[in-house]
């Protein structure tokens, strides 16, 4: 179906959050209600804004409820019952990850909440919000989406309770899950419900008890409970289904089943351009009277593409967005920067032009449509069929920098250093012109056997990059630094491996600033390694599983003043959804400043 419709409504300045705002638009009811665990920022980097405006562009009156109270359904009632359905998302990250650190300590900050305060969303927000909607609007169709629902679409390991949980569709008792990037699926759902048709067969969705034939039968929930190794098999099969793009999968859960449709086709360049050309306000809804840290971080950033060919085993970007790169056109990106530069709020600096990795813009597979057995386009080496033009990306950045009103452009999302080494001319340009003194990259470790398990390039590749970085910085007369993202307690890592990493850093005089203790997030291959104690090939692997060992490994890299994260919570006890009060020992990569006051203006 077409992503846009001739029935498009006029786009409001902000999507409505109250009945009064609906009245101002002349809307007597909503067609679609979106519920989110994040505050509403009308920026294309925020999924609810992007999906909401896409729905309006399709002629559907769409409103947003953010961070509702979960003690009763009153907040769900503020705009009335939607005509078609409610879409639910926990927010930009899994609600449990938003609340708890790698050591199961409560976080004190939430970058997606006004004032950066923690505790504005419940644990397992998708389940809680669905239950509230069921109480508020009996019989309403409820569709789950976002990263929490997407990665929990089959039986999954939950680190915070150290147990396997059922597919979230069944746990939440929702009608469907949209996984991956949701524009196509959510419009198809709306179109079908308007025609009083069922939701079976929509690409990028999961439904319960579907009767369509499946190409892949995943291990049942009960089989996975009986044998932890079955989680690895299920994870690899699901990864295969996403990368293949054409197969149906089914999983049995007791006397029920879930049917997983093939992923939705990525948006074309023309479709991406139209989605990002919608009139986003690029600021938070005026109902908030405190800054939202995430908004401040991304306000002047531009998304150039989606998808990631990396397939790192601890990362779920490829599982969520897919390995195929969907890129915007050069003109679309230029137009967005021109609009930014014309705003009185713009300070002159474009903070980022990128995606999962900035230098994948415009990349494509020249064997597209042919069978591929690789789990990653990048490892063990960059696939020869992964085609890209990094000089074109460099030229784009230079053109953006010449835009009237723009004083500087950065690539804060970082670059894949193994890809960058494929084009030394472009790499030199990046390093001389678009590094703001510090370049953040993610080697994660230096021990090759650990890197293989991570699906990361070998340490030799990173060291080659560092040599070139130092040379180019010196030739440019700039004092520049690499800020490496590092990981502790990854499956397959021993204390000796961490000491080797610490020694490697010490030999270069580096004091690590970005160290993350491995968190087994639902859906990742590394999470299956953690739970099952095996590699993807089925070989036994050492897993730093106890809190004692995980802390010990983590502390090896930390300076003495940061080596006291406190006593971890009992892994067997369900965390309580109260406001966070303790700081994570491993610095959060996205946390904003903590404040205590409510962020909503009084009416």
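From the backbone N, Cα and C atoms, a Cβ is placed for every residue, glycine too.
Annotated in TrEMBL:
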- 294-561: domain 'Radical SAM core' (DOMAIN)
- 308, 312, 315: [4Fe-4S] cluster binding site (BINDING)
- 557-603: region 'Disordered' (REGION)
- 560-577: compositional bias 'Basic and acidic residues' (COMPBIAS)
- 594-603: compositional bias 'Basic residues' (COMPBIAS)
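Under 8 Å, Cβ to Cβ, and six or more positions away along its own chain, residue 308 ([4Fe-4S] cluster binding site) finds 315, 317, 318, 321, 323, 325, 355, 356, 357, 360.
Cβ neighbours of residue 312 ([4Fe-4S] cluster binding site) (same chain, under 8 Å, six or more residues apart in sequence): 376, 444, 454, 455, 456. Taking the centroid of the Cβ atoms of 308, 312, 315 as the [4Fe-4S] cluster site, the other same-chain residues with Cβ within 8 Å of it are 310, 311, 314, 316, 317, 318, 356, 455.
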